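Heads up, the thing below is written out as structure tokens.
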Amino acid sequence: MAEYGTLLQDLTNNITLEDLEQLKSACKEDIPSEKSEEITTGSAWFSFLESHNKLDKDNLSYIEHIFEISRRPDLLTMVVDYRTRVLKISEEDELDTKLTRIPSAKKYKDIIRQPSEEEIIKLAPPPKKA
């Protein structure tokens, strides 16, 4: 599934080295410390998760959980969008399934979007100096 590969690449492109350390820390129970040192890129992290059955194209709940507890709503939103668009699992459906651990992920969708014209606060120009 090409969309899955694209999702992982997009996520990898948005994960810095600092982010990676935080993500590895968030799932330290699932990554032995000696393996953690070998994981030095986002793609290596995703590969590790796939090889340990924590991630696949039809089950993204683990990384949704990690992105939420790591306070990365931008990454979480990318995963939720993929799940809704590609897997055709709506936010209502997810409440009835075990495909996600964190059904509250939908709360982040509004954070990422751009405000409408009505929502933009227009400031008055600064006062003129006399």
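From the backbone N, Cα and C atoms, a Cβ is placed for every residue, glycine too.
According to Swiss-Prot, the domain 'DED' annotation covers 3-81.
Look at Swiss-Prot and you will find Ser61 (among others) tagged as phosphoserine.
Marked as phosphoserine by Swiss-Prot: Ser90 (among others).
Taken from Swiss-Prot, the feature phosphoserine covers Ser104 (among others), and the record attributes it to similarity to another entry.
Counting every protein chain shown, 7 other Cβ atoms lie within 10 Å of the Cβ of Ser116 (phosphoserine). The phosphoserine feature in Swiss-Prot is assigned to Ser116 (among others).
Annotation comment: Swiss-Prot describes 98-107 (among others) as region 'Microtubule-binding'. Computed over the region 'Microtubule-binding' (98-107), the whole-number mean pLDDT of the model equals 48.
Under the heading region 'Microtubule-binding', Swiss-Prot lists 122-129 (among others).
Here the Cα atom of Ser116 (phosphoserine) is found 31 Å from that of Ser61 (phosphoserine). For the region 'Microtubule-binding' (122-129), the DSSP counts in helix, strand and coil order read 0 helix, 0 strand, 8 coil.
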